[in-house]
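Just below is one structure, and these are the notes that go with it.
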Amino acid sequence: MHVLGLFGAVACVLSVRGQQFKIVTLHQPDQAAEVKYFENAFLKVNKDEEIAFLDVLLNEDESGHYKQICDALSTGFSLILDFAWSGTEVAQDLTSNMSLPYLHVDVSVAPFLVLLDSYLDSRNSTDVVVVFDKEEYIDQSLYYWLDSVRLRLVMADALNRSTASKIESIRPIPHSFAIVASAKNMNKLVSQALNEDLMSLSDRWNLVFTDFETGIFDKSLFQNQTPSLMYLKPELCLDLSIQSRCPSNFVLKEQFLYWLAWGLSRLAKMAAEESLEFPEKEFQCGKTTFSEDTKERLGDMLDSIIADNSNVLSLTGRSVKVSVRGNVEKMINGSFQTIAQYTNGKLTPEPGKQIDPIRAFYRIGITHAIPWSFKVQNPQTGEFYWTGYCADFAQKISEVMNFDYVFVEPATGTFGEKVNGTWDGIVGDLAVGETDIAITAVIMTADKEEVIDFVAPYYEQTGITIVMRKPVRKTSLFKFMTVLKLEVWLSIVGALIVTGFMIWFLDKYSPYSARNNRKAYPYPCREFTLKESFWFALTSFTPQGGGEAPKALSGRTLVAAYWLFVVLMLATFTANLAAFLTVERMQAPVQSLEQLARQSRINYTVVQDSETHMYFINMKFAEDTLYRMWKELTLNASTDDTRYRVWDYPIREQYGHILLAINDSNPVANASEGFRITNEHLDADFAFIHDSSEIKYEISKNCNLTEVGEVFAEKPYAVAVQQGSHLQDDLSKVILDLQKDRFFEQLQAKYWNDSAKGDCPSTDDNEGITLESLGGVFIATLFGLALAMITLAGEVLYYRRKRKKIKPKKRKAKSKNLPLNTAGLKLSKLDGQSVDMFNVNKTVTIGTTFKPVNLKENLTKEMETVHISHISLYPKARNRIPRVE
């Protein structure tokens, strides 16, 4: 198909060798300057020819365009030139149906938009926001993009706070941003964009220069940013201006119109030379047609002219425009480098360079919910950033799906509540398009699915549970003393004293005791003095026993009864001590929600207006509704219907009591306050009912807390997207793949197991008895040791004092063989052994053997007063030793 059968716009008349070559020009009011410049250029090129122009100024009412065009064509024409920004639709349809010579002249900002579009296409960008430095470019770009599938938003205004706010509020976030301006204005617009922090996503920004003075642009404005620069090659300016250097006042549009006027002038001359015939008179729209030869030949001529000047002119379909040649630069390693060139309608990467596609960018809704998503402060920079289970999950999804993202916290609300029919929070942001995805602890419910969509749940084990403070062990160093009541200890002491006294009494007055029956017990026996009796009663409580028992039957009867008492007391003490130490490791006082509801000692609460709070409110409402329905059913039932003759209401009314107790305890403002109050109740008399996942996380960080009972009111957490979002299927597939790779188990281990739990003191029942419980036993032992040392010191002092008071007289020994003792007294000799007369009344051991005294020997008076005590040997000697009188 030949081009001239496709285009249309300006009307001028050229006379060549008597044959009139008429050109009809169509233009809009704001294109008068372009048409005027074209006419002047055409007249300048064709000075020697007869020229006449017929301009058709198109009305704003498109319904009148047909009549305007037909009236202009009725006098005859050779070519229709259409200067309208996107072409006149009526002229296009008319010339297409009748195969009339039509040419659209593109004098818009299209050459720069062509360069921008080709680069965005190579980066898979589907939409763009464009800022122009001239308001006239807006209409031109809109007409240019009229039939484009790419979504765009164009504006021409200073990049102030108001404009920046508009750009920031665009949803969804565009793939690309562009500034189309001259080099001088580009410096200003870029500076404003940087000041307003619009270039945080600098890789998406593109700067398109509309002139050839790119050298004055300050590239040092960019430091950490990586925008792209696009500009026409300087060679194009040289070709259009036909100079060795690009003029400073060069205007691309004017040079293009000059070349177009020259080309059409040549076309007219070629048509005149070949005597092509054009209908000049009585042209009727819809009826008169050009001859096929004229149409064919005219098209060939125009193709030849454009081909000969392809370095400055190009023909695309029914539109003639500047032949665009340009470069694309990108910030690489801190400097701008050319990465691609645009020539012959195609963008080609430079050798060794590549054009990276733009990663999708999504706004992810998030809100505070420990451990799912919460903010922590970077200790180095001081900035806060999001972390937690969902934050890691979002990072993983972005890596798999290859997109960039930013976390967005809702301006009002948290997860989302319906207020006056409108959702706020995470759900509300998704519903209005403020965010693209919501990855946080959002519960999948039917009412939310009315405005948003959910994908496959990523966590199905959450619900509501109870947390309490672990009972504080009331340890004491003298814990063993609290096993028995004070009156019992006093009774034991009393029994010991009475028993000791009775043993002494019976041993003293019983005729069969060892003391009173020497003949029956001629060998030395234990003499139960009052001191020995008390010592026997005391040591009977020890495994060693009290030692030698009384000999009399009465005494033994008393001792047997006392031993029975000791055995029972020891068994009772041991059993109660074990029970007391076991109580320290008792479980929490309640084990379920039902037990918590049935008692009144432990107070409990929830977070005000939380999901847990609403759960109890809804359950109470359900109980009330069911009770009302049951009452109506039973009251209206027939008296013969025995099915309703029950004594108890079949549905428990526990949630009403629970909600009443919660209100009495005053719901807390947030979970942190609830955990704090619970931790402060050392007696475990306060419970906090909250989300199970957050409770498990808090327990893993706080050794004082414990979870009570099983999880109830289970609900799933799921990722939410906008209704009808294309991300739903992709996200579902990614979640299923992550589940298969056990990714969620790793996250669970990270946020619930990897914690301070290992540093908590063990509370296992097999940990044994602590030193704090029985420390008093060691203290008592040490006290006995200290008391023994003090007693020893007292004995030594007493012995020395008593020794000083006794002053024995020195006697002359009767025998020279008898030595004197330390006091100067003579030592008597008994069976060849010396006897200390000073300590003669004491029990002594003399030598290594013992022989009875010969009664026939004459003893001195001193020896007559000597009493030799019985010497106990082990094993005991059974031979009777005669008493020395």
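Quick reminder: no glycine exception, Cβ is built from N, Cα and C everywhere.
Quick look at what TrEMBL annotates:
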SIGNAL    1-18  signal peptide
DOMAIN    363-754  domain 'Ionotropic glutamate receptor C-terminal'
DOMAIN    371-432  domain 'Ionotropic glutamate receptor L-glutamate and glycine-binding'
TRANSMEM  488-506  transmembrane segment
TRANSMEM  560-583  transmembrane segment
BINDING   THR612, ASP691  L-glutamate binding site
DISULFID  CYS703-CYS760  disulfide bond
TRANSMEM  774-799  transmembrane segment
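Distance between Cα atoms for ASP691 (L-glutamate binding site) and CYS703 (disulfide bond): 18 Å, as a whole number. Cβ contacts within 10 Å of ASP691 (L-glutamate binding site), excluding its own Cβ and spanning all protein chains shown: 25. The most densely surrounded of the recorded positions THR612, CYS703 is THR612 (count of other Cβ atoms within 10 A of its Cβ). Note: the CA-CA distance between CYS703 (disulfide bond) and THR612 (L-glutamate binding site) rounds to 24 Å.
Across the domain 'Ionotropic glutamate receptor L-glutamate and glycine-binding' (371-432), the model assigns an average pLDDT of 91. Assigned with DSSP, the residues of the domain 'Ionotropic glutamate receptor L-glutamate and glycine-binding' (371-432) fall into helix, strand and coil as follows: 21 helix, 19 strand, 22 coil.
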